[in-house]
Amino acid sequence: MNLNSASSSLTEIEYPAWCQDSEVPVTQQEIRDIFEELALRFGFQHSSKENMYHHLLAQLDSRASRTSAFNALLTLHVSYIGGENSNFKKWYFAAQLDLDDEIGFQNMKLSGKSRKRNFKLAKKRGISIKEQLREWKAREKEFETAHPKLNLTNQQLENSSNLETADYKWKLKMRQLTPKEMVRQIALYLLCWGEANQVRFAPECLCFIFKCAMDYDMMMTATGSFETMPEYSYLNDIITPLYMFLKKQLHKVDGKGNWRKTENDHRDIIGYDDINQLFWYPEGIERLVLRSSERLVDVPSTNRYPMLKEVVWEKAFYKTYKESRSWMHCITNFNRFWLIHFAPFWIFTSFNAPTLYTKNYIQLLNNQPTQQVRISIMAFGGTVTCIVQILATLFEWHFVPRQWPGAQHLSTRMVGLVMCLLINFCPSIYIFGFFDLVTHSKSAYIVSIVQLVISLVTTLLFSIRPLGGVFGSYLNGGKKKRRYVSSQTFTASFPKLTGRNNWFSIGLWIFVFSAKFLESYFFLTLSLRDPIRVLSTLDLSRCRGDWLLGKSLCVWQAHITLVLMLLCDLCLFFLDTYLWYIICNCLFSLVLSLSLGTSIFTPWKNIYSRLPKRIYSKIISTSESNAKFKSKLLVSQVWNSIIISMYREHLLSIEHVQRLLYQQMDSELLENKILRSPTFFVAQDDSTYKSMEFFPTNSEAKRRISFFAQSLSTPITEPMPVECMPTFTVMIPHYSEKIILGLREIIKEESINSQMTVLEYLKHLNPNDWNYFVRDTKLLNIETLTKKEQENPNNDLIKESGISNPDSPSGKDSPRDGFLIQDKINDLPFDLFGFKSSDTSYTLRTRLWASLRTQTLYRTISGFMNYSKAIKLLQRIENPNLFNVLDDDFGVLETTLESLSKRKFRLLVAMQRYTEFSADELNDTEVLLQTFPDLYISYLKSEYDDKTRDMVYYSCLTNGDASMDPETRIRDPIFKVRLSGNPILGDGKSDNQNHSIIFYRGEYIQVVDANQDNYLEECLKVCSLLSEFDELDLESSVPYIPGIKYEEEESPVAIVGSREYIFSENIGVLGDIAAGKEQTFGTLFARTLAEIGGKLHYGHPDFINAIFMTTRGGISKAQKGLHLNEDIYAGMNALCRGGRIKHSDYYQCGKGRDLGFSSILNFTTKIGAGMGEQFLSREYYYLGTQLPMDRFLTFFYAHPGFHLNNLFISMSLHLFFLLLLNLGSLSHETIHCYKIPHSIITDIQKPIGCYNMDPALHWVSIFVLSIFIVFFIAFAPLLLQELLEKGLFKAIIRFLHHLFSMAPLFEVFVCQVYSNALLVDLTFGGAKYISTGRGFAITRVAFYDLYSRFSVTSIYGGSHIFLMLVFATASIWHPALLWFWLSVISLCFAPFLFNPHQFIFSEYFIDYKIYLFWLFSGNHNYKKRSWSTFVKTNRARSTGYKSTLISDPSENDMSDLKRAKFWNIIFPEILVPTFVFGCNFTAYTFINAQTGVKNPKLTNSLVRLTIVTFIPIVLNAVCLLVFFAISFISGPLINCFNVRIGSLVAFISHFLSLLFYITTFELMWVLEGWNFTRTLILLITSINLQILLFRIITHLLLTREFKSNKSHLAWWSGKWYRTGLGWNVVLQPLREYVVKIMESSYFAADFFLGHLLLYFQTPIIFVPFIDYWHSILLFWLRPKQVIWNKRLYSKKYIISRRRVIIGYSIIYFSLMILFVLFLLAPILAVRFIPGFKFQFDHKRVGSLIQPNKLNNNDTGANAPSTILRTTPKRVAIKTVF
C-alpha cells in the first residue's frame, strides 16, 4: 500500500493510537458505518462525510495517544456535547431546551408577544399552560424524591432558575449513552458543522439545527426506519436558505438578474450575530414559522428537522442590536471612562475657580465665596455623573431593540438614575435658592457637606458598578429567573481572576489613578487656577467693537478664551490617564519579566553553560527507556540539528559550524570515540575565557541562539513525549501575498524611480548570508560540472567556466596565478546574482534566498514546516531504540518518522485564489508542493451549472501528492465540498478561514499570517506550548456521574498567545518604528494583559483551542465592514463566553511588518477604521457594560482607549491653536502689566488699568510640555523593551537611531492618521480591507501621489495649523511654541521627508512637471490620476455615487460609496467647522475692536470679512457662467477641428481663479491697514468661512455624483448631447455649475499649497550629497553601503530629460519669485516707499479699512476713573442658621 498517496484509505498506520488499541470501544469500521448511515439519512455530501470521518478519527487518535481509547471518546463527547464547558450544553439550558423536552415550547410561560401567542394557541387547543406547568413541577418533585442523591436546599427548591434537577437528568442521560451513541452524536454534529458554510458563524443556530437532527435521528433509529435523503439535501434544504437570507442582506438582484451590493449600513443589516441571537431564547425559537403559518415549536421535537426546510426565515429574524454609526456608542459602552474623568475634573477645577461663583470678586481683596457655595459647586460632580449615566441609558434604549428577549428593562434603571440626579442636585436648590452668595448658613453648610459626600459616593459607586448591573438586571437577574441566563452565558461568562492575577489587576489601576489624580491636580489644575482668576475677572469694557456688532462680542473675549482653555485642560486630563497607564504597564511588565527570568538583567550568569542540561530537561521528554543513553548524546543531536539548520539557511559559515557542533573525537585513553562539547557554552558565560568568533557580525543566528538559551531559563512546563502530544494544525490564510519572488523582481529595479534592485538591497542588509550562499553555490556548480565532465571527458565546460576556489575568493590559493583576473571575472555573476547559469535550479536558489529574507509565503511555510522536522527529531531522540529495531534501515525509519509527523501536525494554506492564479503564481505554488509534499492547500473552485445557469462553488483540499490537471496545472482535489454559494460575503480573510477550517486536523490550530517565520529551535518547544491549554490530563475525573458535586472547574483555555520577533526591524527607520510597535504590543503589553485578563486574539501567531472556538463561531467574525479587524472579535467572543487567554513568553515566532511610509499608514488607516467599526459592535457593548471595573479599564486602555487617546491628542492640538488665536488677539490688543518679583495677588497691578496676561501665557508652556510628554511617551515602551531584551547600551543606541532619523515626526503624523481614520469611519463609514504591501520601500513616490494621498488626512489640517502658529508667533511669541513648529513640519512634510530619494535635484523638477500635469489634466478626457478625479473622489465621500451606470470606462475606477447620513455628518462636518469659524471670528473681531483707543472711528470688520470671502467666489461664478456659455455654443464646433477646447477653457478658468485669490490676498493687506497680524487673522477667518460654506453646500444641497466623469468633461467642452445622462442632463449643468464654483476655490488652494510645500523643500535639494545623507537616515545603511546604480539612458532620452529639467526649473523658480513678491511686496512697500500706505487710507472707502498703529495705551494716567487705584473695603459675610 502506498502510504504517501493523497487518497490512501484509512489504515491502522494513520491512526494507530485509536485503531491499534485492543480495548477500543468503537472500531474503525463501526465509525465508518455510522458516518455512512448518517450521510444517507440526512443527505450529507459524500466528500464532506469522508472529510469529517477523518477529522473525527484524527481527534480520537490525538486524545488516545495520551489516554485510553474509551477515555479519549468520552472526553471528546464532553468537549462537543455533554460537558460543563461544551457550548451545546450551555445553549441547551440557556435556551431552555430542557423545558421544551419536558413540556414543549408551546406550553412554556414565555414573555412578550410569544407569551400571548402561546396562551392564545393553548386556548384553541383547550389546554391550560398554568396547569401544564403545575403538572410538570409535580413530576419534578417526584423525580427529586426518587433520586436521593439529588439534595436540594429549600432556597434551591424555591428558585425557578435552579438547574440542579435538570443537570442531574442531563448527566443521567449522558451516562446512559453507549460508546456508539457518543460517536453517533459527535459524528452528526461534525457533519452538520462541516457543511454549514456561513452558518458556522452562528454557533447557537447550528446547535439548534443539530438538536433537531439529533431528535429526528433518535426517532428514526428507535422506529427502525431506513428512510434516506438524496445527497446535498442537508445543504440545499437547511443551509442554503439561511445563506441566501444572509446574502440578500448585502446584495440585491437588479433588473438584469445580476447581484448588486446594497447601500445598507450595519444597523439595517441582519448579520450573523442577529441570526445567532434569535436562538438564545425560547422567545426567538418560537418565532420560527412554516410556510403553512404553523409554528415550528408546535411540531413535535422529533419531527422538526424535516420541517426546517419549510421555515420562512425572513419572518423570524430581526436586529437584536443596532450598530448605528454614532458616537453615542462611546457614551454607553465606556460610560465609566467618562465618569472617572468628568467628575474629578469638575471637582478639581471648581475648587480652584472660586472667582466664577464669588459675588463681586475683586482681585485686590481676593474675596472668597462662602464655604457652602464652594462645597455645593464641587458637589455638582455627582450631578454630572448622573447625567452621564442617564445619557448612557437613553442611548442603550436606542441601540438594543426592546423586542429582543435579552434586552434589559431600562425603566427601573432610568427611574433610579433620575432619583439619584434629584438627590444630588436638589440640595443646591436649597443652598442657592434660600441664601445669598455672600451669606453663610450653618444649615446650608451642613447640607453642602452631605451633598458632597453623596456626590462622591454616587460617583464612586457608578464608576465601580457596570452599567448592566446598575439598579439590578442582567448580572443578578439569573438568581431568581432563567430569563437572562443566555445573556450571562454568552456575553458575561468572564473567567475570574484569582490570586496574584486579581491583585495584580487591581493594584495596576490603583497605581495608575493614584499617580494620575495627584499629577493632574498639582500639575494641570493648579496651573489653571491663576488663568481662571485672571480671565474670569478681566474687564474688557474698554474695547470699542465693530460698527455693526458694537461691543456685544468683544467684551466676552476673555471668557471665550477661558472656555477654550478649560476645554484644552479637559483634553489633557484625559490624556494624562493614558500616559500613566503606559508608565505603570511598562513597570508592571518589567516586574513580570524579572520574575519570569526573561530579562537580560535577571542574574542568570549561566544561561549558556547550563544550556545543555536545560535542553535535556525542558526539550527532551526523558523516560526509563532512554535513561541508559547519556544525556550528552541526546543533547548533542538537538544542538547539532539546530546549528546545521542555521547553516542550511546560510546564517553560518562552515567555520562557525565546526566551532559550534558537538564532534566525535578519538580518545587517547579509551578505545571508543568520545563526544566533545563545543567551547561555546563555557566561552559565552565566562568573561575570562578568550573567546573565538562563534557567529558572524550582527548575526541572526546569534540572536536566535541567545533567545533560545534565555527562554529555557524561564519556567516551562515539562514536555510530554512527542508520541503523546496532541495533534495540531497551522493555518495560513493567503490571498494575493507574494509566494516566491520572481527573478525580474529581484535583479531589476522596481521602477524608473528606483535606485537599486531588491537583490542589491538584500545583499547590503545580509552581507554575510550572501557570502555563504555564494560560496555554497560555487561548490554546487563545481560539483555539477565535475559530474558532467566525468560523464563526458571530452567536454571543455570546466575549462571554459574557469571556476575558482570558493573558499579562496582572492585567488591566492589558485595554482594558476596568471588566470587570477579571469577567475574573478568568471566569479562575478555569482557575486552579483548568485548564479552563472540560466538553469532553473540555479536561478531558483537565488529566488529562494531572497524570498527567505523578505515577507513571502515561501518563508512562512518553510519556517512552520520546521514543526515536522522537530517532531521527527524529538521522536528519534526520545526513542533511540528505533535504530536497533529497524536495523538501521533508513527508508523504513524515515517512513515511520514521516507517519508520526503527519499524525501530529498539518500545515494548511487557505489559498483562496488558487484556481485564479497566473502562470507564475501556479509555478511558485508547484515549487511549494514539490518542496513540501505534506503541505495542504484549501481553495475555492467554481463551476458553471447548465441546469441552474449559475456558478456552483466548492471548497477543495489538495496537497503535493495529488495528481495535476495537465491543462490548468492545478492539483486535483482530495476533498471537494459543495457550498451554498460564493462564501466570500465579508472582507475576505475571515470567509477564507471559515471555508478552510473544515480541513483542519487535531485539537489545536495555530493561526498564522503569510508574513511570518518560525525556527527549528522554537518548534522543539511545541510539546510544552500545547500543554499550556491544561488539557493533557484527561483522566482527572469522570464527567457523567449525576448527584456528585465536583469542584468548580477552571475556565477552559481558549487561546495561547506568544511573543513575536519582528524580523523587519533595523530595515530603515520606518521599518524599525513599525517593528518596535509590534514588539512592544506583542510582548511587553501582552505579558501584562494576559496576567490581568485583558489580552485578546490578534491573529498571529496564537494557538487556538479548536473545539472550543469552532463550536462558538470560529476563529474570526465575518460581517462585511463591521468585522474588518476580524481576529480581535474571536478574542472578545472567547472572553465573553468564558475562555481564558494566556501568553507564553518562552516561545516566539518571526513576523514581518510594513516597511514603507505609505504601507505603514495604509495599515494604520485599516486599524483606525477597524476600531471605528469596533466602537459600533455589540461586543464592545457587552464588555463595556458588564466587565468589573479593573478589567474594564484594562480592556479599554489596551484597545479603544489607545485610539481615543490619539483623537484627544489631535483634538487638543486644534483646540490649543484656536485658544492661541483668541489669546493672541487678546494679548496683541491689550497693555500688559509689569512683572514685579515676589508680588502677591492683592497687590495693585502696574500700570493702572493694565491687563495681567502673564498667568495665561505661562499656562501655554504647561500645555506644550504636557503635549510634548504625551508624544514622547510613545517611545517609552520600546525603550524599556529594548532595555529588558538587549541591555542599556543597545536601548540607547536604538533610541538615538530613532531620534536622529526623524522618528518623532513620523509619530506625530501616525497619530493624526489614526485619529482621522477613526473620525472618517464613524462619520462616513466605508471601512474596508487595505492591502498594505510589505515590500521594501526603495522607490521614490511622485509628489502628486503623496499630496493626493495625505492632503485630506493631514496636509490641509497641518497648513491650517501653520497659519495659526504664525499668528501665535507674531502675537504672543513663546519659546515653547517651537515644539509645534516640529508638529507642523510633521503634518505637512512627513510624507516627503520619508520618501526615498525625494531630494535628487533632477528628479525633483521632473516630479514638478508631473505635478503640474496632474493639476491641469483630466479636463478633456478621463484621467484616473488627475486633480479633477481627486477632488471628485473627496466630494463623493460626502455625497455618495448614484447607482446609474452609463458604461463609461471612468466608472470602473470608482468604488461604491453611499451617501453619508445627515445625523452622522451634522456634528463633525457642520457643527465642528461652525465652532472653528466661531472661534476664529471672535479672535478676528477682537483684534479689530480698537481696545483702549480713545474716540476711535468704528470700522466694519464684519463687512470686510464678507468682502474678502465672497469676492473670489462671485468672480469665479461670473467667469464660469461666461465660459459655460462659450463652450456650450462654440465648443461642439471647435471640437470638430480636434482642438482640446475642454482643457483650454479649464486652464483659463483655473488661472483666473488663481489671479482672483492673489488679488483678494493683496486686498486683505489694504483693508487691514498693512498690519501683518491682522491680515493673517483675516486670512484664517476667511478660509474657515469658505470651508464652512462649501461643506454646507456639499452635504446639504448637492445630489449624488455620477460615477462617470461625463458631466465634468461636458461642462468644459460643451458636449452635453453625448453624455449618456438621459433626462438628468436637464438639471445636471446647474449642479455642475455649483460644483465648479467650489472647485475653482479648491484648485487655487491646492495650487498654492502644493507650491508652498515644494518651495519650503527647495533649500534641501541644494545641500551637497543630500540624497546620500537622506538615504543613510531612511535606510540605516552604513556610508560605504550607499551605492546607487546610475541608470543608463539613450542619448535622445538624456537630451529630452535635460530639456524637461531646465524648462520646468525655470517655471518653478519664476513662480517662486512671483510668490515671494506677492507675499513681501506689501510689507516692503509700506516700510520703504514713503506715503505708500496713505495713498489708500484717504480714499472714500468708508469704515472698511482698519486703522493701524493707533495709541491704545489707556493705562496709568490715561486709565479710566472706573479702575480701582486703592484696595476697597472688604464686605463682611453674614452668618445665619
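Backbone N, Cα and C atoms are what each Cβ position is placed from, and that goes for glycine too.
Just so you know, TrEMBL annotations are computer predictions that nobody has curated.
Per TrEMBL, these features apply:
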DOMAIN    180-293  domain '1,3-beta-glucan synthase component FKS1-like'
REGION    791-816  region 'Disordered'
TRANSMEM  377-395  transmembrane segment
TRANSMEM  415-437  transmembrane segment
TRANSMEM  444-464  transmembrane segment
TRANSMEM  503-526  transmembrane segment
TRANSMEM  579-604  transmembrane segment
TRANSMEM  1201-1221  transmembrane segment
TRANSMEM  1256-1280  transmembrane segment
TRANSMEM  1350-1369  transmembrane segment
TRANSMEM  1376-1394  transmembrane segment
TRANSMEM  1507-1529  transmembrane segment
TRANSMEM  1660-1679  transmembrane segment
TRANSMEM  1700-1725  transmembrane segment
Quiz item: Relative to the transmembrane segment (579-604), which of 415-437, 1256-1280, 1350-1369, 1376-1394 accounts for the most Cβ pairs at distances under 8 Å?
Solution: 1256-1280
Exercise. Over the domain '1,3-beta-glucan synthase component FKS1-like' (180-293), work out the mean pLDDT and round it to an integer.
Key: 92
Self-check item: Helix, strand and coil totals (DSSP H, G, I; E, B; other) for the domain '1,3-beta-glucan synthase component FKS1-like' (180-293)
Solution: 73 helix, 8 strand, 33 coil
Practice problem: Determine whether the transmembrane segment (1201-1221) and the transmembrane segment (503-526) share at least three Cβ pairs under 8 Å, counting only pairs 6 or more apart in sequence. | Solution: no
Practice problem: May I ask whether the transmembrane segment (1376-1394) has at least three C-beta pairs under 8 Å with the transmembrane segment (1256-1280), counting pairs 6 or more apart in sequence? | Solution: yes
Practice problem: Look over the recorded stretches 415-437, 1350-1369, 1376-1394, 1507-1529, 1700-1725 and say which has the most C-beta pairs under 8 A to the transmembrane segment (444-464). | Solution: 415-437
Self-check item: Positions on the same chain near the transmembrane segment (415-437), where near means CB under 8 A and six or more residues out
Solution: 357-359, 369-370, 372-373, 376, 379-380, 382-383, 385-387, 389-390, 393, 444, 447-448, 450-451, 454-455, 458, 470-471, 1774, 1776
Quiz item: For the transmembrane segment (1350-1369), which recorded stretch in the set 503-526, 1376-1394, 1507-1529, 1700-1725 gives the largest number of Cβ pairs separated by under 8 Å?
Solution: 1376-1394
Self-check item: Positions on the same chain near the transmembrane segment (1376-1394), where near means CB under 8 A and six or more residues out
Solution: 1069-1070, 1157, 1213, 1217, 1260-1261, 1264-1265, 1267-1268, 1302, 1304-1306, 1308-1309, 1312, 1343, 1346-1347, 1349-1350, 1354-1355, 1357-1359, 1361-1362, 1365, 1368-1369, 1653, 1656-1657, 1674
